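Visitor: Below is one structure. I have some questions about it.
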Amino acid sequence: MAPAAASPPEVIRAAQKDEYYRGGLRSAAGGALHSLAGARKWLEWRKEVELLSDVAYFGLTTLAGYQTLGEEYVSIVRVDPSQTRVPSWLRRGVLVTLHAVLPYLLDKVLLPLEQELQADPDSGRPSQGSLVPGGRGCSGVRRWVRRHTATLTEQQRRALLRAAFVLRQGLACLQQLHVAWFYIHGVFYHLAKRLTGITYLRVRSLPGEDLRARVSYRLLGVVSLLHLVLSVGLRLYGFRQRQRARKEWRLHRGLSHRRGSLEERAVSRNPLCTLCLEERRHPTATPCGHLFCWECITAWCSSKAECPLCREKFPPQKLIYLRHYR
């Protein structure tokens, strides 16, 4: 009896199990870096640590020709488009590159590009979206982006910003569309596997598959498509709102620059953020009373829901943004 194709629940359980172990590896590597180099270096290099963790996980499993922990958990194996052979080393290498490395590279290029295009070209200050010193203009990618966007006109910057936004949001929507399509047809769960033609076969035979599960997944796929349409509309609306708010902010900042030099000197003496060790911008207070940059503390709380100084636990929604605070 020929091996049967893996069912959608098996593929999803394998992916969820892999995500669980990848998350544990990322957390352990990030914790080691934080303990050895401190919070500042952890914030600066956390994306690279996550990339190395993912490459290590898939390099020791997929690239080496073994099952991942998730695939072993549900007893499924990868096969090439012929459905009779294990994928070649080259095909597995392309799979790991598309699944783990390419998203990092796109984020590394598109995010600094959007931040530099959103920044005021007439101002010497770095963009507000940066989080840490390595992201505030010190990285090679940011310097390259800044050098090539410095000569653009305002109209060209707006057009390029729209293109970068459409590309980044379009990739996210494509991923959601692909998952919804999987719920309906149940073949490729990850976009990288579709591009490489890698599918799954069962290693062991199971009792007859419940047809109600198939129907439920198809219904979930339809709901996911409707949710995708709604989220695309909300993202476009939010982008237009941000564009309008950015214009108002630039007008307000242009008026504020006309104030006297005394106030300029007072602003320049703002205290430092203890996370990035730079002038504190958009001050935000934790429930325990410590102050940080809004960008720094929100990035910190995305992985550690505690104060970086006193280690008091608190949920991220308890952060207090201080308006007009000096």
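Residue positions begin at 1 at the first shown residue.
Keep in mind that glycine also has a Cβ here, set from the backbone N, Cα and C atoms.
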Visitor: Are L69 and C301, as annotated in Swiss-Prot, on matching sides of the membrane?
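Guide: Each on a different face of the membrane, per the record.
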Visitor: Given the binding-site residues C273, C276, C296, state which is nearest to H290 (Zn(2+) 2 binding site) when distance is taken between Cα atoms.
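Guide: Nearest by Cα distance to H290 (Zn(2+) 2 binding site): C273.
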Visitor: Per DSSP, what is the residue tally for the topological domain 'Peroxisomal matrix' (61-89) in helix, strand and coil?
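Guide: Final tally across the stretch: 7 helix, 4 strand, 18 coil.
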Visitor: Which whole-number value in Å describes the distance between the Cα atoms of C307 (Zn(2+) 2 binding site) and C276 (Zn(2+) 1 binding site)?
Guide: 14
Visitor: Going by DSSP, is C296 (Zn(2+) 1 binding site) sitting in a helix, a strand, or coil?
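Guide: In the DSSP reduction, C296 (Zn(2+) 1 binding site) maps to helix.
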Visitor: State the Cα to Cα distance, in Å, between C296 (Zn(2+) 1 binding site) and C288 (Zn(2+) 2 binding site), rounded to an integer.
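Guide: It is 16 Å, counting Cα to Cα.
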Visitor: Work through the binding-site residues one by one (C276, C293, C310) and point out the residue whose CB has the fewest other CB atoms within 10 angstroms.
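Guide: If we count Cβ atoms within 10 Å for the binding-site residues C276, C293, C310, the smallest count is at C310.
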